[in-house]
Structure formats: C-alpha cells, structure tokens
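Per Swiss-Prot, these features apply:
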- 331: active site, N6-AMP-lysine intermediate (ACT_SITE)
- 329, 331, 332, 336, 398, 438, 498, 503, 520, 522: ATP binding site (BINDING)
- 398: Mg(2+) 1 binding site (BINDING)
- 498: Mg(2+) 2 binding site (BINDING)
- 691-702: compositional bias 'Basic and acidic residues' (COMPBIAS)
- 1-22: region 'Disordered' (REGION)
- 691-711: region 'Disordered' (REGION)
C-alpha cells in the first residue's frame, strides 16, 4: 500500500514541531529541503516521550519466551499489551509493527524522530555527548541537590558496586537502573510529563552541543523538572546509547522497510533510511545501495582460517595452478579507518575530508576536515599526498601510531593521545598518527568495489603519492608459493606486529563481509592453541565468597550449523553447551556483562529446560553442567575465550570442551549470530588434531634417541573392583564375588596348596594354616597342579624354601608362590562399606611385594609394585601393627622428603624426581571435574612459567630489581614458576625503573631484543607473551590472570 495516498496536510502543531526540531541544527530548513527534497512531513505532532517506553520498550522487555521455547509471556497488563500465545519472534514483531503502524496513522511518515531515540547508538547525525556514567551521576547529584556522600549520592557515584552503602540495590552494574532508584525518591513528577519525542530530541541536540558542566547542568534541570523517574531512566539509557530492549537494529530496520538495512550498511545514516524509505512499496535500485562519497560504509573484513599448513591456507584463498599468485600484507595494530576526500572550494585548501572508523564513529574532528584545518592531526600535512588529477576518492586503511624518534610503530592504545598532541603541536617529534592505506574504493566519482584488487591497487598507486610518515601506501609482497609466508611471519614476530593478511588479487571488494578473499594469519602463543574463540553466553552460575550472590562464571554455547536449521532439526537460536568459563574476568568485565544482560536472565527449571535454545550434556534426563540461570542467545553477549587445548567431554552437549578456559574480552562488536558455530568448531578441531599428531611424531623421534628411564604411570585400580574390560586387573583370579560377604566365606571359590609352615607375621604349622583357610571357605589341595581337568587355578602358599618349594620353582619358574602373610592380611582387613562399630573383617587384597615369596613373571611384580606407594605402604590395606609402620618409616630416606625450596611448581613434584604426588595433575583433574580454582590466588599463576627481563646490571638505582623481586613473589605465591631460560617461558615480563622517558626507551630496547631472539626459533614453536610488569600487578589485584594483550611490552 502506498502511504503517500493517505498523507494529510500538516496541522499547525506539526508545522511548528518540524521547525522546532529541524530548524536549529547545522542546516536550516531550506537547506534540509534542498538536500532531501522528498523528505516526509508529519501531519500531527509526535507522541509523548512516555509512549515510546510504555507501548514499545516495556512491552518488548516483558515479551519473554517460556522455558520450553514454545510460547511467550506477553506484556504485563497496563504496559501497552495483552497476553498472547504466539511465538516469541512473532510477538516481538507485532509490538514493533503496532508502534510503527500507529505512528504512520496518528503522526505521519517521518519516523526519524522516533528512530533516533530507539537506536541512539546508530544515530550519526547527532554529535557526541561526551557524557559517561560518572559525569551524569555528578550532574544528577547537583540537580537533585543532594550530598554526593549521602547514601543515594554514594550509590549513584558507585553504581558498579553490588548494593552501595545499604547493600539492598538490585541495579548493580546498571547505571540507568540506579538512577531510577535514586530519582524515584525525589522526582518532581509522579506521572509522566508532557515532553514529546520531538521535544526530547531538541533538548538532546542542545546537550550534544553543550560543552562543560555549566552548559549541561541547565539542560538536565529541565529534563528533571518535566520528567518522572521512569522517563529519566530511559533518557539516561538513550544518552549512554545502551537500550537493552531485546531487539536489534536489524529487526527495527527490516520492519520499517525491506531495503532499510541495505541502505544503512552503505550510508550509516538513520536520517537517509527514514526520509528516503518512508514508503514500504518503494524499492531501491541496485546502484543506490553502493558506496557514496561522504557517507560511511561497512568495510570488508579478513577471515581467520584455522588450517594446519601454509599450503591449505593458500588453497583456501582460491588460487589455482593457472593463477597461483597471492598477496601478503602486514596486519597492523591500529584502528581501521576509511577516508573520504572531495573537492570543495568553500574550505581552506579546496578539499574536504571525512574519517570514519569500522564502527562508523566520525573522527573528522580529530584528523581534520580540510588541508587548511589548523586543528587537524593529519590533513594539514597532506597538501602533496595526492596526484593532481584526483578530484575525489575513498580510501580504506589503518590508522596507526608511529614514533618518529625511533621510527617504529607503537601500540594502538597510544593513538588518540598522539593525535590530540599533534593537533596542538603539529611539528613535534615523537608519536604521531600515520594512515597506512591498502585499498581504494572510489576515484573521481567512479566506484571501484566491483573491480579486482589488482586493478584497485593500480588505481591506488596512481592516485596516492603519499607523505612520509603521515600517509603511506601499505607495501605488500607478491607470492606464488606457500613457502613465502614463513619468513615474513618471522619478521613480523621480531617487529612485534600483529600478523599477516593474505589476499586474493583477483577478488572484488565485498562490503560488510568477512570471507576467504582476505585471510589473516597470527603467530601462536605458548599458553594458547591459536585464535581465541568467540562464544555466545547461554547460562550463568552464582559464585561464593567475595563473588557471592552474583554471576561469577558463565556457560558458553556453540551455535548449531545451518544444515540443522534448514532441515528443521533445530531453531536458529539453538546452541549446544560447550564450555564453562570463570577465570580471567576483571570486576569491570562482570559489571559490563551485567550491564548488557540485566533483566534477561531466567531461572533454570530442570523440569522444563529451554531445549529450543540450549542443549546440555546428558540431555534432558541428566542435564550435566546445568546453570543456575539461562539467557536467550539473541539477548546475550559474545565473549572471547582462550584455552590450553580442546578435549573430549560428555559433560557438554558438543562432546568437546576447552581445557583451562580463560576469559579474554567482551566482544560487544559481535552479534550473537556471528559467534562460533558447529562448522567453524569442526575446522578448529581438525587443525588441533593435525597439530597434535605432528607434535607426537616429533616426540617419538626424540624418544628414539633417548632411552626411557621411568616406567609409565598406570591408573590406580581399587582393590576388589577391577575393571572387567581389563585383561590385567590387579587381582584377576582372586577378586571376590561379593566384597560385603561375611569373613567366613572370604576365600570361597579359591583353591590353595600350602607347601610350608608360616614364619611371619604369625608362626603357624602347615596343618594349622590349612585349617585356617578351610574355616574361611577355601579349598585345600596337596598338589599344585590340577589333574581333575576342571581348569582350576591353585594358589601355592609358602614361607620357607623347603624341598617341595625348590622343586616347584625349578619345574615351573613362571608360577607365582604367595606368602602366608597375604592370608593373614586379608583376614584382618575391615570390610568396605560397613560402619566402624560393626567391626566386620575380611577383604581380599591385591598382591603386594611383601606377599610374594617367588614372582614368576614381570607382570606379577609390576602389579604388586602398583599396589603400594614408593615407601611400601599399601594403597588398599591398613597397616597390621606398629612394627609394620616402623618398618615403612625406616625405609624412608631423607632424600624422599621435599622441602619448600626443592618443590618444583612447574611439574608439581619434588626436584628429586620419582613417582610422588603430581599436584598439577591432581589440580587439572579437579578443574576438569568442575571444581573451580578461579578464586584461589595460591593457584592463579600455576600454568605460567615466567622469565623476567631487566635492564643491564649497573643501570639505575636498583628500583627495577626491587620491583622484579616483588613481582616474582606474586608469581611464586600463585604457584607459578620463575624460570631462568627464555626457551621454557610462557611469559616474559619486562621490568624497568619507575615511569619516565628513559624507562620507556629501555623497555622498547629489551622487548625488541627478546622478539629478535624469539623470531629465530623454529617456525611453529609457540611463543611466549612479552608483557609489562603491570600484567603481574593487575592480575594479582584482580585475583585472576588478566588478558595479556593490554600489557604488551615495547
């Protein structure tokens, strides 16, 4: 239906509102009409601001799925809706469509005023507010005229704390929710005010233009006078651009117009979407969805390919025997940036510039609007950067920080600081922004996205001359063989770069896409198995101790593959449980996750699990690793997780999980449906499997050169409970049928031949010993060999080498002869599974070394050795008396004891070797069985082997040495290993004297030398992380090992 046919003429209020909200901007109404001649006009004034949350936001939040996933609980009565049993997705669509339909009929076709409040984070036309939670908190404290040290003032300023001073707040991590609690106690209005959506937009435009508290405070006072507490809460959410209404921009855009998402992808403009696509029946032509000058677009991204060889990596690029060439570029550690330039005689220098980041943030204010912009950090230096024939262009590249003093790239975190400094002091040496260009997408009004990379590169080299260390074309290497990758990767390792990007020169530019035309390659680190995994959070577990009452660990899922969805076997949101993550989170990470998921968690009901969305290990019956609460994937967040390896596990529905997972960072830039899926996981698993086979092959080669010095560790077998599937159980022929039977039947079913008297521990004649055995169910034979033909196994018993025994040993050297001590030990053992006061005795023990008079085979001797520890103490049996204890203790030499100084935290054993208690193996087992060690400082560094790198001796006043000593103690306390060899380290900590230019220079020099040494290693060998001392400090402070990437040294 064509909405223009029903359009009405604007009434007086609508005309006044149009002038009010659009006439005070950077463009006048006449200029707006010139730019958008067909923009729609509303026939009536906009809805009250309260209608926005009463009929849209609140119903969306209340629209929650049932745990079974079939129907939904609709909006609460009185909040703009009614109860319904349609699907969650349909209910959500109906809420949004109903609001849009009402707007079109009651207000008009100009939906832009509402859309910019619904999607404030996508509104590029309004300037930035420059307001964070703490600043808004200070303003509200002054507006309400309360003491910032009062309970409410304190709660506003400390909104991340779990309850402020009173400990009763439920809005921990949610600043807007905390504002609602505080404002509701002293609101100027009980009911919503009269401000319309247009009025709020006008005030927000003023707020964005305001600079400093003196201009911001009167605007907040006006909001406070005219809004109630709930309106203020939603206003704060809009200012912070954090709506949390349970629907994404994709949903709103697609419901507004079928082409809205496509137009937004190439323009990043809500204004264009609303003003050009107000008629649902109007469709865009293909050329209208292409890139345009001075309109931000979504760039192409590089794919990460988890392959085992360079050959496979290159093959995935799509090269062929006929066209084997591919390109290799350095992956830069900076910020992805697109630059637009157009001729404009109205600005100094004749050319106008615009800069946007990958997330569509406008950085023109920072890098410059024109060649004559005296406040620019970059464009004032670009007078000779382009060929004279260039009228306009669009470039794609990376903005990095370059230190001109050392002529090297420095970490990305310094970029904005360097740019601000260059604005003030354009000729100053030191760090500066450098724009490295690698693609051109438009030249002299001609879009180039459909041209090949080869053609685009030729156009780039003709159009861009460059300015040294200001704007440069990123160099690349042409290659035809996979062998070309390794030496270049060595070089980027030595230069502390991020990695490489491989590109297919025959590929077109794919807007808003990530595919195999561009593939990134990163070096692997010792503590990880490669690229971090981006998984969607589907469940949460409440913590204890200092994390009590809050979610301290999270269950992550892997999305089902498209094949499952298309076949109808799973919903689009179905995830399989994969890993439980609790380590690596800072306090601010927990607060951020709470901030983005507040109100979306639901209690886990074992009787009605949400199987449409989450499948646990063990299915509905067993529900392994079931969380305390769960969340829909579409309502959740994506987190980046790294780990030591992948391992099989029936505890998770994937059948696999990560060993020792650790949180790396929150991926707010990734939607839930871009997180790891089953197909991507299978590629990863195949890579890890191939790498593991290669590693084992190398170990086997090394083992052939080196004879084994220790026998292999065997699993312990509980006496009387031998594994029926094992062919070499501890007691294959004497295991009892029922271990709980009375001792009078202890030897029932066993056959004995007593060959001599008993000497130890009890003296007993041969007849007396035979009677003892018969009294307890055993059968006595006078010959060892069975001539009955029944296949009986007869156990010879002897304590002296009498003639019969000597003859037997000579005739049958492979036969085992058992001492009477075994009979006595079995009889005095307490029966298992009985109470101590019942005093029931009698239990068949596995043979031990003291039970063997003669061992007929190596296998018997080994099994007997496995039944006791290295001191001879039985695993299955109690000590008989004090004499036996004394004998064991006398056999303990002083070398067997491990002092603190001799303990090797790396191996979890004493340095003297042996088969003693393996602590790391024990702790690993605990974690794999679900016991969390994340809160224990004494184990936080246990997988870290740390090499400390300090300035040369004689430099400084010993401050670096003192600092290193403290950091080493943190590592040791956390059960880490301080090593003296770089080759064995997982982490290298660079420690210099207190901050200053000289210490920064020392840090860079030390880090550069270390990276050069590491780059000489055999390619494929994992690398240690080279970090600053602050990594140890902050990890200690947070009580968990934090992500290393924020602390890169050099």
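The backbone N, Cα and C atoms fix where each Cβ goes, and this holds for glycine too.
Rounded to the nearest whole angstrom, the C-alpha distance between residue 398 (ATP binding site) and residue 331 (active site, N6-AMP-lysine intermediate) is 9. For residue 520 (ATP binding site) paired with the residue listed as 'active site, N6-AMP-lysine intermediate', the C-alpha to C-alpha distance reads 7 Å. Residue 498 (ATP binding site) falls outside any helix or strand according to DSSP and counts as coil. Long-range Cβ contacts of residue 331 (active site, N6-AMP-lysine intermediate) within its own chain (separation 6+, distance under 8 Å): 302, 492, 497, 498, 499, 500, 501, 520, 521, 522. Mapped onto three states, the DSSP output places residue 332 (ATP binding site) in coil.
There are 21 other Cβ atoms within 10 Å of the Cβ belonging to residue 398 (ATP binding site). Here the binding residues for ATP are 329, 331, 332, 336, 398, 438, 498, 503, 520, 522. Their largest Cα to Cα distance works out to 19 Å. A C-beta separation below 8 Å, combined with a sequence spacing of at least six in one chain, links residue 329 (ATP binding site) to 438, 474, 475, 476, 477, 500, 501, 502, 503.
Close to residue 332 (ATP binding site) in the fold, though at least 6 residues off in sequence, lie 398, 400, 409, 436, 474, 497, 498, each with a CB less than 8 Å from its CB.
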